[in-house]
Amino acid sequence: MEVANQSTVTEFVLLGLSAHPTLEKTFFVLILSMYLVILLGNGVLILVTILDAHLHTPMYFFLRNLSFLDICYTTSSVPLVLDGFLTPRKTISFSGCAVQMFLSFAMGATECVLLGMMAFDRYVAICNPLRYPVIMSKAAYVPMAISSWVAGGANSLVQISLAIQLPFCGDNVINHFICEILAVLKLACADISINVISMGVANMIFLGIPVLFIFVSYIFILTTILRIPSAEGRRKAFSTCSAHLTVVIIFYGTILFMYGKPKSKDPLGADKQDLADKLISLFYGLLTPMLNPIIYSLRNKDVKTAVTKMLGKL
């Protein structure tokens, strides 16, 4: 393979918290706890939406996909992070790094598209309730979910293929907990402008378009809700989409916070900010998957009832 001929780097060293060894045990316990909550919460949500016949609707089908996606997304990186906290020298092979980048990138892009699909489902349910069974039939919502996964996987395949074709012939230390694609690209011994442009276009497609779609959908949804004459009717209509809206705000809000905050120009504070950036990136990847099942359980009466019923049978 041409990549092997070009690249003298066979493995990468993950810096993680190497400069702060006293924090490693604390973060190991914290992140392991969050990961277990993610597995339990999303696992229960998947089981409930499969076992309860009342939840066999498009909305809960998408929710089941979202929960499975969150489990896959965290599992693609968290075990590596946890292992890094316990290992003195944190290394990962070149191929292992490529696989981990592919999975993380694919899951992130898929979630963006899936949240847009879920917004469309809520739009049809509230703005066109009489046509909802026809528009959101199984023949429609199953291909919609599949296309989300295919789009995310295809985008990731393009980005990672471009990345692994670069020559890596010098420094092999990644200043991160995992193989984060931007951190890896900084180590390349060649021009990465094509990679940067490609990722910029991908961000416009997988972040910009879904955000615009969700925004427009909720304008129509809120307009329709405000036209409902009774307060009880408005409350019931809004309750059907409040959980999704909360998840969207948390998901995109954290992204804006991560990439929108100003960079410190103080050289003395650069190390602290670098540590803060890595930790924020790490916890961003855990926060949304951990909160999703909690939000849908607390803010959705059907899910709350189904979970209570299932737990009552244990």
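Backbone N, Cα and C atoms are what each Cβ position is placed from, and that goes for glycine too.
Quick look at what TrEMBL lists:
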{"type": "DOMAIN", "residues": "41-296", "note": "domain 'G-protein coupled receptors family 1 profile'"}
{"type": "TRANSMEM", "residues": "27-50", "note": "transmembrane segment"}
{"type": "TRANSMEM", "residues": "62-82", "note": "transmembrane segment"}
{"type": "TRANSMEM", "residues": "102-120", "note": "transmembrane segment"}
{"type": "TRANSMEM", "residues": "141-164", "note": "transmembrane segment"}
{"type": "TRANSMEM", "residues": "205-226", "note": "transmembrane segment"}
{"type": "TRANSMEM", "residues": "238-259", "note": "transmembrane segment"}
{"type": "TRANSMEM", "residues": "279-298", "note": "transmembrane segment"}
Within the same chain, the residues 6 or more beyond the ends of the transmembrane segment (238-259) and with Cβ under 8 Å of it are 59, 66, 111, 115, 118-119, 122, 125-126, 207, 211, 214, 218, 221, 225, 277, 280-281, 284, 287-288, 291-292, 295-296, 299-301
Stretch with greatest number of CB pairs under 8 Å, the transmembrane segment (279-298) reference, 27-50, 62-82, 102-120, 141-164 candidates | 27-50
Leading stretch by Cβ pairs under 8 Å, where the reference is the transmembrane segment (27-50) and the options are 62-82, 102-120, 141-164, 205-226 = 62-82
